[in-house]
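J.: Below is one structure. I have some questions about it.
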Amino acid sequence: MMFSADGMFLPKPRLFKRQSFNFLASFHPQKSAPKPPHLPLLADKCTSMNQLKQIHAQMIVSDRIHDDYAASRIISFCALSDSGDLNYALKVFNTTRAPNSFMFNTMIRAQASSSNPFEAIILYIKMRKLGLIPGKYTFPFVLKACINCCSLNPSKQIHADVVKFGLELDMYIVNGLIRCYCICGDMGAARKLFEEVPEWKLLIWTAIISGYARNFCSNEALALFDQMLGQGVEPDAATLSSVLSACARSGSLEMGKQVHVYIKEKRIEVGLILGTALVDMYAKNGEISVARSLFDKMAERNTASWNAMICGLAVHGHAEEAFRLFQEMQKAKIAPNYVTFVGVLSACCHAGLLEVGKEIFLSMKRVYGIEPGIEHYGCMVNLLGRGGKLAEAEELINGMLCEPDIVVLGALLGACKDH
């Protein structure tokens, strides 16, 4: 990393000496580099970090980098573009003399979706300490960061700031706050906020219904869905998916069927998300034939779609069919995930497929890079125990990376009793 005399982050020297300026020259009829005033505008036309670094280098040479607009264009491309580089954006941001609200908002937005969303919250705190006023382009993204790292305490402080700056009626901010409280499990705060909203738009209905469904409060989710329909608000696919999720978790088959009828009557397109929610609802409620029919009719399926069907088959005693479906999933080149292997190992356990189960368990880390979790170990201990392989089951438990829970130990004790 290199810095100028005044602490400004510099690109590598080759940008000044060896790298050609074909990109810069392409914007000038005489094939010469554009004049300094036009450099920030070119940042928006970049398609790669290579091009961006050429412009950045010229800005530094021409002393344009201390211009707020010029620095903001560099930061914006690096932080938000698909071709950008968040680390590079951070270096430029951290060496900017006085970052403005736009720069902070850009970095908060980028960090909120990064692998370390808490950095967005730290940036927000720094922004407030500098006396900069957050606004409608700040709060939705810092709340997204709180959602992504399940941080309740910062959420409450941000909520206070939302009220302080008079943005408590902004629908997108309220939506973020409700979702945040729901993700953190504070349904009391989420419901209170919902009740205080003067106008319940679909966005807000979806947030609160989804929150209740996520927190296994199925009765509340279904009651709100009825209330929403009673007020003449027509749900979209996202809302309907949330209600179907509540029906799946609570075992409310009749309500799920009502939602399905509503979808048919309103001729709502059943795409990937809604189709998966329907399959999951019917499968979890034991309507396997209906679930399989819907699954087979889906024009597009993702990992969640396959998981819903495989797990439904496994739980309701259709182990061999679940395993065959897993093989079809592999042939379709759909990548399995953590949940997939819970379903498949459960199927192997029910069907007594000991060797197959062992091979699948070993393939999780070896082939797919998925570290087995407590549910997978539970299935394997159960499978080994049923097969009379008590020593192997005990050895597996002793080699676990996570602490065995009551289900895992109970499976071993049950096997000891049977054998």
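If you go along the chain as it appears here, the first residue is 1 and each next one adds 1.
Cβ from N, Cα, C; glycine included.
According to TrEMBL, the record shows the following:
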type	residues	note
REPEAT	100-134	repeat 'PPR'
REPEAT	201-235	repeat 'PPR'
REPEAT	236-270	repeat 'PPR'
REPEAT	302-336	repeat 'PPR'
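What does the local environment look like for each feature on the list?
T.: Secondary structure of the repeat 'PPR' (100-134) per DSSP, as helix, strand and coil residue counts: 24 helix, 0 strand, 11 coil.
Residues 171-172, 174-175, 178-179, 181-183, 185, 187, 190-191, 194, 242-243, 245-247, 249-250, 252, 255, 259, 266 of the same chain, all 6+ positions outside the repeat 'PPR' (201-235), place their C-beta atoms under 8 angstroms from a C-beta of that stretch.
A Cβ distance under 8 Å defines the sequence-distant neighbours of the repeat 'PPR' (236-270), meaning residues of its chain 6+ beyond its ends; these are 202, 205-206, 209-210, 212-214, 216, 218-219, 221-222, 225, 228, 276-278, 280-287.
When averaged over the repeat 'PPR' (302-336), pLDDT in the model lands at 95.
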J.: For a three-state summary based on DSSP, what are the helix, strand and coil counts in the repeat 'PPR' (236-270)?
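T.: Residue counts for the repeat 'PPR' (236-270) by secondary structure: 27 helix, 0 strand, 8 coil.
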J.: Should anything in the same chain at least six residues away from the repeat 'PPR' (302-336) have a Cβ under 8 Å from its Cβ atoms, list it; otherwise answer none.
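T.: For the repeat 'PPR' (302-336), the far contacts come to 272, 275-276, 279-280, 282-284, 286, 288, 291-292, 295, 342-344, 346-351, 353, 356, 368, 370.
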J.: Who are the chain neighbours of the repeat 'PPR' (100-134) in space, where the CB to CB distance is under 8 Å and they lie at least 6 residues beyond its ends?
T.: 68, 71-72, 75-76, 79-80, 86, 89-90, 93, 141-142, 144-146, 148-149, 151, 154, 158, 161, 165
